[in-house]
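Summarising the annotation, Swiss-Prot assigns disulfide bond to C27-C149, C61-C155, C107-C126, C378-C387, C403-C422, C734-C769, C764-C895, C805-C814, C969-C999, C992-C1044, C1009-C1014, C1084-C1088 (among others) and lists similarity to another entry as the type of evidence. Taken from Swiss-Prot, the feature region 'Binding to the ribonucleoprotein' covers 514-531, 586-603, 590-601, 609-623, 1121-1134, and the record attributes it to similarity to another entry. What Swiss-Prot lists as region 'Fusion loop' is 756-776, and the listing cites similarity to another entry. What Swiss-Prot records for 613-616 is motif 'YxxL'. Annotated signal peptide per Swiss-Prot: 1-16, in sequence order, evidence recorded as sequence analysis. The feature topological domain 'Lumenal' is assigned by Swiss-Prot to 17-484, 648-1105. Taken from Swiss-Prot, the feature transmembrane segment applies to 485-504, 627-647, 1106-1125, supported by sequence analysis. Here Swiss-Prot flags 543-563, 568-589 as zinc finger.
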Amino acid sequence: MWSLLLLAALVGQGFALKNVFDMRIQCPHSANFGETSVSGYTELPPLSLQEAEQLVPESSCNMDNHQSLSTINKLTKVVWRKKANQESANQNSFEVVESEVSFKGLCMLKHRMVEESYRNRRSVICYDLACNSTFCKPTVYMIVPKHACNMMKSCLIGLVPYRIQVVYERTYCTTGILTEGKCFVPDKAVVSALKRGMYAIASIETICFFIHQKGNTYKIVTAITSAMGSKCNNTDTKVQGYYICIIGGNSAPVYAPAGEDFRAMEVFSGIITSPHGEDHDLPAEEIATYQISGQIEAKIPHTVSSKNLKLIAFAGIPSYSSTSILAASEDGRFIFSPGLFPNLNQSVCDNNALPLIWRGLIDLTGYYEAVHPCNVFCVLSGPGASCEAFSEGGIFNITSPMCLVSKQNRFRAAEQQISFICQRVDMDIIVYCNGQKKTILTKTLVMASAFILLQVSFHCYQGLPIAIAIELCVPGFHGWATAALLITFCFGWVLIPACTLAILLVLKFFANILHTSNQENRFKAILRKIKEEFEKTKGSMGCEICKYECETLKELKAHNLSCVQGECPYCFTHCEPTETATQAHYKVCQATHRFREDLKKTVTPKKYWARLYRTLNLFRYKSRCYILTMWTLLLIIESILWAASAAEIPLVPLWTDNAHGVGSVPMHRNTYELDFSFPSSSKYTYKRHLTNPVNDQQSVSLHIEIESQGIGADVHHLGHWYDARLNLKTSFHCYGACTKYQYPWHTAKCHFEKDYEYENSWACNPPDCPGVGTGCTACGLYLDQLKPVATPFRIISVRYSRKVCVQFGEEYLCKTIDMNDCFVTRHAKICIIGTVSKFSQGDTLLFLGPMEGGGIIFKHWCTSTCHFGDPGDVMGPKDKPFICPEFPGQFRKKCNFATTPICEYDGNIISGYKKVLATIDSFQSFNTSNIHFTDERIEWRDPDGMLRDHINIVISKDIDFENLAENPCKVGLQAANIEGAWGSGVGFTLTCQVSLTECPTFLTSIKACDMAICYGAESVTLSRGQNTVRITGKGGHSGSSFKCCHGKECSSTGLQASAPHLDKVNGISELENEKVYDDGAPECGVTCWFKKSGEWVMGIINGNWVVLIVLCVLLLFSLILLSILCPVRKHKKS
């Protein structure tokens, strides 16, 4: 019993889950002005016609549904049926039946309903029906004010027996509509449509609802007649009203027709040309069969005397809406026609209707929202890192190969923020955001954990550990050197004697071992010499009885006396006088070394090792003089090592450099040449002083700057590439003559039809067809669910260029050179010898989203005679008609006895876009940065360095040192501001105010330096007057005072950067890190090291004197501890 109840409960839950469907509403994340609403819809599975007539939508959303939708609406229901007399097959073999039916919640919107729902914060939830004679497929629509996006994340709509979960998805768009992965903002002005070259064009899905409203301004049939150029009469007495539309699921209401709004004009044109709009096919219904009964007329409403509406009766899967409104009456006669296609063709004047709901694509002019760069930062969180990315506009794409990037979005005004977790920090974190590669140096995060521990230790004074603990947390040798320096200063007076004592104990241990080993080896050598002399003079030293080899003469005599008597010569124990017995006894005898020890006592040992051991014992490791000497010496050595280890972090990417030369180059050779290659993303700066080989005091400054590679492509904008679903419909007719009917899919943008006429037997006729040999079949192919997915550009020509500037003394020249081109001046020649590239003429660049995110290179893109499934199969060119693909497959009509014929198509049924997505990894991709584009040209830079340039620089020897040695340009420096941190991998940015006098333009470099080392440089072209220069550097220490330097001259004052590891760690853009600076400056030597150490000590004293007091207190404590543990020895008076 209970098991059956449990089973029933589980089955009921499974059925409930099966009947839950999603409706996703896309919301831009920034509020805009106007009555903006968002909308969505969802297709539901079929239910019986009787159940469909009883549907009532219910909502659990916190916005109440509009009251007017709960009222009962009356429609004229038109159904068809076979006549009782089926003797002959003709157009009169079936008939229609009209009646009145009531619905509650059907999409029959009232005038000002959407506007009122916006002001009153109410929702509009309704449904539409696509029906045949037996069942209906509901489509639920929802329109809500944009405020709902901020108030709710999801809610439920009930439409018995279905439940629809409404999910509000915040897009990265600020106010625009998400299409092709980009944010499009339509422009309603007609002038923008007339000047299409100045605006972008996008295909946007639009949903329109007919509003019946009487009035002279709502004569919609008159507008249709005027738009189509037909000559219909009595339009004033026909239906009146308008369509209210929501564009792209996110817009203020658009009213059609409206002559002053281009959006309304496009919507109205779409309704007239394709009145059925998109079909309502569910997945797997793209291949279906219709049985067409034929054309028939009906009376709307059923009480009128004459028939006033034409319809086409069918049986099969319903694909289009069954609701419409009669065009011939101004009273608003609504129609519900299950199993019938109403005549929506507006080219005829009578017996037609207007669609009640229309859904389709329209082409609109407008602009795309700008894509802003991302900022990424991370903080330490447990064993990993907690990161956050934010952008001023929105984030269209964010991925990371080492992080779990979730979609935890937060929005603040127009800014979008995404939080995610990185589980590992043992390697640098790489994040791709908005087409940019960001690198977070995790060694800074690892330092933070140690720093936090130290900061907790000094909880009573939080500022104390800043200047010292951060130096300890620097990875590598510098951190260990800092620790050794601090330990020596604070506890050296205790640790030095303790370490010395430990060393002495170890030395004495080894000295004792060496002494013992040496004495043993010396004694063995004496015994060997004694034995050799005895054997030379008297013979063998072996006992004749026991055959034992003796070491001394005394031992041999004892053997001769005892072995004869059967006694042991060592312990005098009785044993049998045989060789075997005595040898066995000697192995266990404890006194065999007796004669050896007696001889060892007579040998005098050497005193060398004894003197060494005694010296170690007498060493005065407790002496204050010794401790002071070692303490001072260690502090000096450790300070030098500490300063040497705090070198700058070079900003050098991976590149091949064959250049030869140093900071100062004497011009002995005929020419001075550099030859190297480096990535396209790198910027190169080369600076040297060229000296006169005759007079070293005469020199000329040479400064060469080569910008990163720019790629410019002349392109042809091919338009928009569409994804689509291919439908195969079989339409069979067996009532009356074989007529070529106008089916709803004939208004699709891309369709093709193959007709088969009369059959000669029952082989293909279903049993419900009256007569024999009657029937014709139409096989229709058409594309629906068109969706723009990408933007392709065909490359006409491509150019790779770099801007090269040369400052030679006073001479300043610049030129942009292409590959295999040279820049020649009087003294220098700079050439790009070759470029390794992956772009070529004729390639197609495909952008699947914002162009800032990069694209895909297609070597084979279809431009003419395209087949469905090829790349570029369904295209919407700009300012040209829609291009449909060809369908090269063959049709086959499959016949079985007494069944409806079925069309078969053996061609490809998968769109080109879906094929590309399935094999996208096989295509070559590229990234972009600093992209600028029009319909005719695209310019960008390669952020990945995938391309390489071979550069050759030749400097002539013919230099007039007499005239060029004097440079009149005067540069003044002042440090204005600093951001960032010292000593970290992220670095700092120093803002310098640089003044230039005596010359109009000067190309030079400004460095960020402290007293000892320069940590970064920026090549800049100065103009006369004040210039602002921002320099990025990495390195330094807590005492570094960063100044702006030009050559050997620096600003009078410097600025100190923040301590690292205290704030969040920001990501570094690859573009900011891809630069090579080479000025041949000498490396930091011993003098430089001492300056650096002194600067650090002075920085500690000036910046945080409490630290110095604490260090001195620790030093005093170690001295007291020394006096307790190692008191001074008192000398007794003689």
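Glycine too: its Cβ is placed from the backbone N, Cα and C atoms.
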Spatially closest candidate among C155, C378, C992, C999, the listed disulfide-bonded residues, to C734 (disulfide bond) (Cα to Cα): C155
Cα proximity to C805 (disulfide bond), best match among disulfide-bonded residues C378, C387, C422, C1014: C1014
Secondary structure content, the zinc finger (568-589) (per DSSP, counts of residues): 10 helix, 1 strand, 11 coil
By Cα-Cα distance, the member of disulfide-bonded residues C149, C403, C422, C1009 nearest C61 (disulfide bond): C149
Rounded Cα-Cα span from C1014 (disulfide bond) to C387 (disulfide bond), Å: 31
Other CB atoms, at most 10 A from the CB of C422 (disulfide bond): 23
Neighbour tally for C61 (disulfide bond), based on other Cβ positions within 10 Å of its Cβ: 18
Long-range Cβ environment of C1044 (disulfide bond), under 8 Å and at least 6 residues apart: L973, Q974, A975, L990, C992, V994, I1006, K1007, A1008, V1029, I1031, C1050, S1051
C-alpha spacing of C107 (disulfide bond) relative to C895 (disulfide bond), in angstrom: 41
CB contacts for C126 (disulfide bond) [other CB atoms within 10 A, all chains]: 23
Position of peak Cβ density within 10 Å, selected from the disulfide-bonded residues C149, C155, C387, C805, C1014: C387
Spatially closest candidate among C126, C378, C814, C1009, the listed disulfide-bonded residues, to C27 (disulfide bond) (Cα to Cα): C126
For C1009 (disulfide bond), the number of other Cβ atoms found within 10 Å of its own Cβ: 26
DSSP residue counts for the region 'Binding to the ribonucleoprotein' (590-601), split into helix, strand and coil: 8 helix, 0 strand, 4 coil
The zinc finger (543-563) - residue tally per DSSP class, helix then strand then coil: 10 helix, 1 strand, 10 coil
Between C969 (disulfide bond) and C814 (disulfide bond), the C-alpha gap once rounded to whole angstrom: 18
Cβ-based isolation winner (fewest other Cβ atoms within 10 Å) among the disulfide-bonded residues C27, C378, C814: C814
Within the predicted model, mean pLDDT of the region 'Binding to the ribonucleoprotein' (514-531): 69
